[in-house]
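Since the structure comes first, as structure tokens, the remarks are kept for the end.
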């Protein structure tokens, strides 16, 4: 009987590599808050980081290309009156970002294409409804303009951002502080972990508990949980002896026992899980650690297979995770993290070593694109939408223009019905945009000429 000693996997040799020093974002005062969120959000256009700010809360949004030393006077987004605790870019519009803060509010911002030229203090929409600080934000993966927020008042609110109102308020389920809250792949379920030592799967529109598991991890430290493939759940937590653990659960067949429970090490940092549904790889980044561990989640025991670890000298204060469409496909890059240090942000690239530079179809199955599949109102009425997938074969190129003008400003004043007609007249809108652009350019030219003439006299 010949037995394979090492499990075959195309991700066994994945290796992490930090980019060169000139590709980092330097001299940024990363927030000193002790909150356990990612502190960083990225998409194919921008990287955003929560920073220290006097007199309130701020975060910085940089175009990805703006690497190197960042000037002290670089403009921030600073409309909150208390420290910002969590930020997340909208998956359906790369210029929209939401922020939650200690001032109990959630704000949604629009970042101009080239980045900020002056500090941004006015949000597109402000969402008030929490009575204590808001520490968790998550955009709906397939429904347009639906945002989930969870606060220290033990309440989860689902917002219809287009209307600027709370559509669902889940306030009777959690008896204590909510540690994490996330959506499943099509946004038909919510998974929360809570300080009352219970992990719950909820129906988001009804606010009812579908499955719950008490004490997924014995320890009293925070538990984090994410949905992985086939409705399974991966959780990270602590044992009674404060050892860090990772576990996999199947809530449908048997939520009583984990499919697997592995102990990792003894460290006090909370493990933040990032799951990639395309490859089945989960990355665990510990707050305060200097390493990223990664595992492959499969259907065969022991289900969660350790692959390797990326280690560096400096510890991480936070971590941003790039969506698949922002990766360099021709370099076999399967993940990219943005690691926050005390004073800088350092991209870390995860690569599968391949000799060929042709497109590797097995590494890049069709992935979630930026197009939403349902509108907010439809979703709250009960319609679910599967993610709209795109191919990365030629690298990701934004082809859809329709979503550009579905931005909240126009929707706040109109109902979704008129948004439909907006879409029909996208041609007109494009030509109007062009006209405005040309007028702006003409004005700029004239301004320059006036200045020249003035300086001559």
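Any Cβ shown, glycine's included, is placed from N, Cα and C.
A quick note: this is a predicted structure, and the numbers were derived from the prediction, not measured.
Annotated features, as they stand in TrEMBL:
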- 422-456: coiled coil (COILED)
- 4-68: domain 'DUF1899' (DOMAIN)
- 77-119: repeat 'WD' (REPEAT)
- 127-169: repeat 'WD' (REPEAT)
- prompt: Any residues 6+ beyond the ends of the repeat 'WD' (127-169) with a Cβ under 8 Å from its own?
  reply: 35, 37, 82, 85-92, 98-108, 175-178, 180-183, 185-187, 190, 192, 194, 202, 204-205, 207, 368, 372-380, 384-388, 403, 406, 408, 411-412, 416, 419
Task: Give me the mean pLDDT over the coiled coil (422-456), rounded to a whole number.
output: 76
The domain 'DUF1899' (4-68) - residue tally per DSSP class, helix then strand then coil: 3 helix, 24 strand, 38 coil
- prompt: Using DSSP, how many residues in the repeat 'WD' (77-119) fall into helix, strand and coil?
  reply: 0 helix, 22 strand, 21 coil
Statement: Reduced to three DSSP states, the repeat 'WD' (127-169) has 0 helix, 26 strand, 17 coil
